[in-house]
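First comes the structure, then the notes that go with it.
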């Protein structure tokens, strides 16, 4: 309960969930590592920034880009996530600001971009292993392996979010540790002048910006798990703060080592090049350790992403946006139907190429982020005195100014999209525009049951849900 201008306000975060004291709730450390895996998972995939722009711009990019994009997105997630501590996350943010139609569109594009993103990780997992097991490079063995990995990791999500959280902690430590060792070994070979190499006339801006964007987004994904967090009003902002530091260091430190300890050959800086650097600096044993860490990182990212995607569907069902069966929980408290739908989407999309997946995902993600920024500013105007356990200072003007740099960046990323990716992504958006009225008709005809959870306040008809 907050006190503003001598008036008393009650925020929806003060509605006590019947699961508030559930021992399966997430604590701070697992939440930090779930955010880490939602966003990053380690430096695997950042090598292209050096190939695209050279060492100096790569290093500067991973220091400046978080200020322009990651920190604003994390701050907005902290404010709105604590204002709406439920599993629909960014869906309820947009819905409360712009109405249920646009809330559904937000849910559709975000879920789809998340599933598209998750389709990468079984494939990348095998790519790191195929040098040691050539049979995994293609054909039936690869197909079976993709299906097997997807099923095993899906089962892990089914068994419970607490298990997923502590698995993320373990995988995170194992993924980061070899880079710490590599950094210590590299100290005698570091040449600081190598960090200053730059050629602004020879920069692949498309590759550079897309790689930075892909590696530093998805901070808001954790919002669909806020309903599963212990004391989210305090835990979520702290977790986001620590995760920002962890993510930036996990990118910057390995790049500092790799570009400073090894003579520059830009063409070699592609996915997996850190394992080659490890072999140069420490030998075959360190290379295998880095490759193993990369495989584990892909596993961690997969389980974290699937958790967010599946709990988002559960949250949308609790808000009456999807049929009631999506809200069904397993005996472990996990969203059974949401997990199955997300796993099916991953299997269906895992045959796309890496470049197509990243480009389509980025386009859809940008669409969703535009809605989020509009909702953030709109809620500041519409409910200026609503209870916000974590509030970004600066008022409405500050909220608008905070959104300007990342919005400009979104425009730049979209401008670099190919016509093919744009057409496919806009077609996906169009499906959502049609799907929502179709679901409303199904609800009206009572072909499927829809209901709003009695534990959640009515944000569309009862303004007292936000302020009283």
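Quick reminder: no glycine exception, Cβ is built from N, Cα and C everywhere.
Unlike curated entries, TrEMBL annotations are predicted automatically.
Checking TrEMBL for transmembrane segment across the ranges 121-139, 140-158, 197-215 points to 140-158. Feature annotation (TrEMBL): of 240-264, 265-289, the stretch labelled transmembrane segment is 240-264. Feature transmembrane segment, per TrEMBL, maps to range 357-377 of the set 294-314, 357-377. The stretch in 26-46, 140-158, 164-185, 357-377, 397-416 that contributes the largest number of Cβ pairs under 8 Å to the transmembrane segment (332-351) is 140-158. Using a Cβ-Cβ cut-off under 8 Å and counting only residues 6 or more beyond its ends in the same chain, the transmembrane segment (164-185) has close neighbours at 26-27, 29-31, 33-34, 36-37, 41-43, 156-157, 250, 253-254, 256-257, 274, 277-278, 281-282, 286, 289-290, 292-294, 296-297, 299-300, 303-304, 307. Highest Cβ contact count with the transmembrane segment (26-46) among the listed stretches 52-71, 140-158, 240-264, 397-416, 422-439 falls to 240-264 (criterion: pairs under 8 Å).
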